[in-house]
Amino acid sequence: MTTQSDAQFTARTLSEALPYIQRYAGQTIVVKYGGHAMGDASLALSFARDVVLLKALGLNPVIVHGGGPQIGKLLDKLGIVSEFKDGLRVTDEATMEVVEMVLSGPINKSIVRAINQAGGKAVGLSGADGNLLRAEKATRTTRDPDSHIEQIVDLGFVGEPSEVDISVLNALLQADAALIPVVAPVGVGADGARYNVNADTAAGALAAALKASRLILMTDVAGVLDKQKQLIREIPASQVELLIKDGTAVGGMIPKLETAAQSVNHGVGAAVILDGRAPHALLMELFTEHGAGTLVS
C-alpha cells in the first residue's frame with residue numbers, strides 16, 4: 001500500500017472501531033497475560049502499548065500475569081527439583097520462596113516498566129497487598145487403580161482463591177488516578193501463609209469480584225478447537241462441561257474453560273480465550289466485529 005492508502009486504512013479501522021470503543025468506555029477488562037506473548041520482546045512491547053491504548057480510550061485494564069517458565073529456570077539454577085501433579089507445581093517452602101520472588105519481583109516489575117515506558121502509569125502489586133487475594137490450600141484427590149480408594153494429593157503451598165478484596169484495585173482505578181494495576185498471583189491464607197495461585201484462576205476471581213465486562217485469557221493457541229482442529233468462535237458457559245466430558249477440551253485448556261465459565265456464572269460479561277502470540281490480539285478482540293479467539297458467554 002502507498003503512504004496515502006496506509007493512512008486511509010488506519011483511519012477506516014479507527015472509524016469502524018468507534019461503536020466498540022463507546023461500548024467499552026468506563027468498563028473494566030481483566031487480562032491474564034502469560035505464555036509466549038510475555039517471553040517475546042516484540043510481543044511484550046506490542047502488549048504494553050495496547051494496554052496503554054485501552055486506558056487512553058477510557059477502559060480500565062487490570063493485568064494478572066503468570067510466570068511458570070521463569071520460575072522453572074530459577075528453580076533449576078538453584079538446584080530445586082520441581083514435581084507436577086495434575087498440571088500444578090508442587091510447592092514446598094523453598095519453592096514458594098522462589099515463586100514469590102520471581103512473580104512479585106522481576107516479572108511484575110518488567111511488565112510495569114514496559115507499560116510505563118509506553119506512556120501508561122502501571123502499578124505492580126501481588127495478591128498479598130491490601131489482602132487483595134485471599135487463598136486457601138488447594139485440594140486434589142487421586143484414585144488408586146488397584147484399591148479404587150481416593151487419596152488426597154498434597155500440593156504444598158498451591159492455593160485457590162477464597163476471597164477477594166477489591167478496595168485496593170478500586171482505589172487504583174479511580175478516574176483521576178488513571179493507574180493500571182499489574183497483579184502477581186500470590187495469595188495469602190487466613191494464617192498468613194503464602195500460596196502459589198494459578199494465574200488464570202486468579203484472573204477469573206478478580207474479574208468476578210470486579211464484575212468486569214470482559215475476562216481475557218491469553219494463551220499459546222488460537223482458542224478452543226473442535227475435534228477437527230477448527231476454532232470454536234463462541235461457547236455458552238452452560239456447554240463447557242459437555243465439551244470437557246466429550247474430550248473436545250483437553251489438557252491445559254480444561255482449567256481455562258472452567259475459569260471462563262465460572263467467571264461468567266459469577267457476573268463477568270463474557271470471557272475470551274485467545275492467542276497471545278498474535279500481535280494486537282487484545283485490540284482485535286475488543287474493537288473488531290468478529291473479535292479473536294473463543295468467546296465464552
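Cβ atoms here come from the backbone N, Cα and C positions, even for glycine.
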Substrate binding, same site as Gly67, Gly68, Arg89 - Swiss-Prot member from Asn196, Asn265:
Asn196
From the Cα of Lys256 (site 'Transition state stabilizer') across to the Cα of Asn196 (substrate binding site), what is the distance in angstrom?
17
